[in-house]
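J.: Quick one: the structure is below, and I'll ask about it shortly.
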Amino acid sequence: MAAAAVSRTLLPVAGRRLWGFTRRLPLRAAAAQPLYFGGDRLRSTQAAPQVVLNVPETQVTCLENGLRVASENSGISTCTVGLWIDAGSRYENEKNNGTAHFLEHMAFKGTKKRSQLDLELEIENMGAHLNAYTSREQTVYYAKAFSKDLPRAVEILADIIQNSTLGEAEIERERGVILREMQEVETNLQEVVFDYLHATAYQNTALGRTILGPTENIKSISRKDLVDYITTHYKGPRIVLAAAGGVCHNELLELAKFHFGDSLCAHKGDVPALPPCKFTGSEIRVRDDKMPLAHLAVAIEAVGWTHPDTICLMVANTLIGNWDRSFGGGMNLSSKLAQLTCHGNLCHSFQSFNTSYTDTGLWGLYMVCEQATVADMLHAVQKEWMRLCTAVSESEVARAKNLLKTNMLLQLDGSTPICEDIGRQMLCYNRRIPIPELEARIDAVDAEMVREVCTKYIYGKSPAIAALGPIERLPDFNQICSNMRWTRD
């Protein structure tokens, strides 16, 4: 890991420059000859290959029960602290699908120490924020607070995941809340299309199920289901206590030992295995000619977090880029697909994505088109994918690498995104990858590597397709698959 840097300031001596080039000072003497200082004398000040980086160190400690404590101290007056748990909808089956998300909702409904009102008042009085979310492979509970309130924030998080009452009345009341949330999700067409995409790409597997679960499960999940899920999955080796901002690692470590050291024991017997999820090239079409626009997602199988091809696929994803009609630039856009789309008025917007899981992933593109341009837009996408496999240039790759590094650094703006990055990376890699290492891995990608990796994962592969809306003109699946091997002019 990158060591914490010591900031050094070098004060210049009057009349001298600290760069290794010549300084020219004109004299007002009669000869008016220039006098030179410097030359090779300051060559020793040139930068060394290894530079001192002002990057806070991510400190990691593992407790005896397997729980990992990770933190980054930036010295500010606020902090974010949270619990990242290796448990999501992928660990569910058909009968209890939706339990992880239901449990997230129940976390703030009261504990053995605090009623729901007491919990809300305590958070409000601290000026803090308490939140949670569930994904297909992770469940997260986190709090944002003043640095001085770190002990209280950790105690509240520990109370939530270990002492929730899970009262029957609260469970029944929360069913209606989740059902209304499901109705809201169904109005978000992008969410709907991505659920369809997972359903067709990972048919009859855990990744093919939704995070919220089907309606019948939401109506039938019991307190026993929630308790069983906690007992099975909320174990020390599968939990990371992460913090960022103004936090002292030793203080956080002592808090973790006090609140979690004796309670979150390791698994007794076998650790629940992550169910394998096989990718299937296939499609889901939901035609509705009453809708004004067609929503379409097309993806190929990618790789998991730790696969060596992950970085190269991220660069390829950046090469495709994003676009919508509000963008300026026209034919001067860096993305070739954006240029084609803008020039031909092929769609309202498109967004490339690279979704990674533990052992698999989805790499593709989501687009919103008018009925008349669906086929042309899909053809343009596949043509651009084939170009990635055969003709991408070094200048394009260099530009994409710079953009990828910039976007990654801009996302780490504030204690909350940094804390999320720490927690996620600890679960995925069992370490926090230092930024210089990540930049070096991105810099190692070249055009030849992009062509090889894209050929490996894109060329000749059957994609997964989810389409919704007026999609009458969408080509049939066999034609789409054939265009993954060659393109017509």
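The backbone N, Cα and C atoms fix where each Cβ goes, glycine too.
Pulled from Swiss-Prot, these are the listed features:
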type     : residues               : note
ACT_SITE : Glu104                 : active site, proton acceptor
BINDING  : His101, His105, Glu181 : Zn(2+) binding site
TRANSIT  : 1-45                   : transit peptide
J.: For His101 (Zn(2+) binding site), what is the secondary structure by DSSP, using just helix, strand and coil?
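T.: It is helical.
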J.: Determine, to the nearest whole angstrom, how far the Cα atom of Glu104 (active site, proton acceptor) is from the Cα atom of Glu181 (Zn(2+) binding site).
T.: 13
J.: With H, G and I counted as helix, E and B as strand and the rest as coil, say where DSSP puts Glu181 (Zn(2+) binding site).
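T.: Where Glu181 (Zn(2+) binding site) sits, the three-state DSSP reduction gives helix.
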J.: Fewest neighbouring Cβ atoms within 10 Å: which of the binding-site residues His101, His105?
T.: His105
J.: Test of understanding: give the count of other CB atoms lying within 10 angstroms of the CB of Glu181 (Zn(2+) binding site).
T.: 15
J.: Applying the rule Cβ within 8 Å of the centroid of the Cβ atoms of His101, His105, Glu181, what extra residues of the same chain belong around the Zn(2+) site?
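T.: The surrounding set, listed in chain order, is Phe102, Glu104, Thr134, Glu174, Val177, Ile178, Leu212.
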J.: Report, as a single number, how many Cβ atoms besides its own are within 10 Å of the Cβ of the residue listed as 'active site, proton acceptor'.
T.: 19
